[in-house]
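Colleague: First, the structure itself, so that you have it in front of you.
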Amino acid sequence: MNRTAFCCLSLTTALILTACSSGGGGVAADIGAGLADALTAPLDHKDKGLQSLTLDQSVRKNEKLKLAAQGAEKTYGNGDSLNTGKLKNDKVSRFDFIRQIEVDGQLITLESGEFQVYKQSHSALTAFQTEQIQDSEHSGKMVAKRQFRIGDIAGEHTSFDKLPEGGRATYRGTAFGSDDAGGKLTYTIDFAAKQGNGKIEHLKSPELNVDLAAADIKPDGKRHAVISGSVLYNQAEKGSYSLGIFGGKAQEVAGSAEVKTVNGIRHIGLAAKQ
């Protein structure tokens, strides 16, 4: 089988696998026409919420990310924009994906599965629920391997220099991981102290329901307000978390957590608003 045919077969496999695996775990998913529109429609400034998301970490240089939904397809490269204005706020939007790399003029499939987007009014994050990867060390064929990771976290960043000077704000939203988007995030920021802390609850695995230890708000290299701290389970450090603050008035947070468990490191997407 030539590589071109192999890539087409991989997309078909991704569609079948994702159709079988989607919708579990009580996930609030976007299944409306907006999925196809996100791939085909031009940007419309009348759309509500964050209108576009630059795919930076989701697609590396020299790679291609092919997304499909409801009969529509589109291929993205590093730095391309996804039309998130067509997606529903505060829900997981699900696309089938294949990730490919070009070698000697040929596209080779690296992995396939489900590409997820969680959008708020001022921020969004992407995640990959991989179902198959290329067995590069042995057969070179696609083999089943389920894994979950976070891609991009982006939006309308809050400048560190424009944070509220005082007061406290509590953010409530979602925490989601592999086959489980039923988690809840609660995070409180003390703007006077420039510090935040919170917790993740209601995920299926008890060891993923963790405390997000108090951590300072700091400026990153672009002067965006960000928070990085430790994850605690039964008061023991079990990983780390990072959050960006988004919106002109610090209305939202979005980020991720990495939790060490008996089955390895688990990745969790985080998003919440005041």
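Keep in mind that glycine also has a Cβ here, set from the backbone N, Cα and C atoms.
Copying in the features that Swiss-Prot gives for the protein in this structure:
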type	residues	note
SIGNAL	1-19	signal peptide
LIPID	Cys20	S-diacylglycerol cysteine
LIPID	Cys20	N-palmitoyl cysteine
REGION	27-119	region 'Domain A'
REGION	120-183	region 'Domain B'
REGION	184-274	region 'Domain C'
SITE	Arg223	site 'Important for antibody recognition'
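Give me the structural setting of these features: burial, nearby parts and distances.
Modeller: Under DSSP, the residues of the region 'Domain B' (120-183) split into helix, strand and coil as follows: 3 helix, 42 strand, 19 coil.
Counting every protein chain shown, the Cβ of Arg223 (site 'Important for antibody recognition') has 13 other Cβ atoms within 10 Å.
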